[in-house]
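Asker: As annotated by TrEMBL, transmembrane segment applies to 12-35, 47-67, 87-109, 129-149, 156-176, 188-207, 219-240, 252-273. Residues annotated as domain 'TLC' in TrEMBL: 87-286.
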Amino acid sequence: MSKQILIPVVRCDFTHVASVFSTYITSAMGLVEYIHPYLAEADYRKTSVKLTFIFSSFIFYSLLYIFSHIFGSGTRTYNNLTKKEKVFWNLAVVRAIYGIFCTIVGIWAIFVDEELEKDVVFATTPTSYFALTVTVGFFIFECSAIIISDIIYRKFSFLLNLHHWLSLVGYSVLMIVESSHCFGTKGLILEMSTPFSAICWTVLKVGKADTLLWKANQFLLVHTFHLRSVVECFLWYITFKHWDRIWEAMPLALFIMLYTQLTLVTFVMTPYWTYKKTQQMIVPVDWNFEESNKTRMTNGAVEKKTA
């Protein structure tokens, strides 16, 4: 039955295919038209356009890291951090900004957009293209920073590296094969926990783990991880709903990447991180630097230097 469906697609008029594909791109402008008209009009199918946006995203997040260091240098807390902690502080700022971006795009993709689910395999929009090129640029920056940090400080986080490298490879494959923007764009909302994680760490460092701000942020942080599980179940539901189309048409490389990562995130990463953040809510310790006795004794707060 499936072979009989595929034959007419292969033999159809390529002009008609191009017309349908173009309709998917231009029919719904979404969010990007509110940022700048060019973002809704750019021809994202061109490799040069994709690379331009990816490179611009990488430069943006790199500059954001530098600005975080410059502004942080004017604060006592930042100056009292170790070099390794300063790197983590600046990465936390960059991740928080990216997390806010992803949350906004993810909300749009799930609750507003109607184009991407018309064909969960090949439908695209200018917003999905823009969001995914920004994402590839971010993960190039993130993976580069993690490699350099791991080499210099000789500390390796397996789950963090696995998550980020799979994300980089997965989103890169997605952009190359022009497929699965529906899953890629909706899945960005999984980063909704990132801004709260950044606040969690910085509040620890300023020694405010016993304040209402800490407790409120930790409550929201843990709740975002619960919501991550809801989103993951939603992505599995979309898979079930459109399984015939996915099995029939999704490129094999992307199929393997998508469902490898979705399985790991659903059954390993999110449950583990939910456990760790719930544990941290009860006992406020900076478990990113658990090897430090001082950190364990001070809940991660930075001691002030004496004159």
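Each Cβ is built from the backbone N, Cα and C atoms, and glycine gets one as well.
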Asker: Under an 8 Å Cβ to Cβ limit, what residues of the same chain, 6 or more beyond the ends of the transmembrane segment (47-67), are close to it?
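Answerer: Distant contacts of the transmembrane segment (47-67): 90-91, 93-94, 97-98, 129-130, 133-138, 140-142, 145, 175.
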Asker: Please compute the mean pLDDT of the model over the domain 'TLC' (87-286).
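Answerer: When the pLDDT values over the domain 'TLC' (87-286) are averaged, the result is 92.
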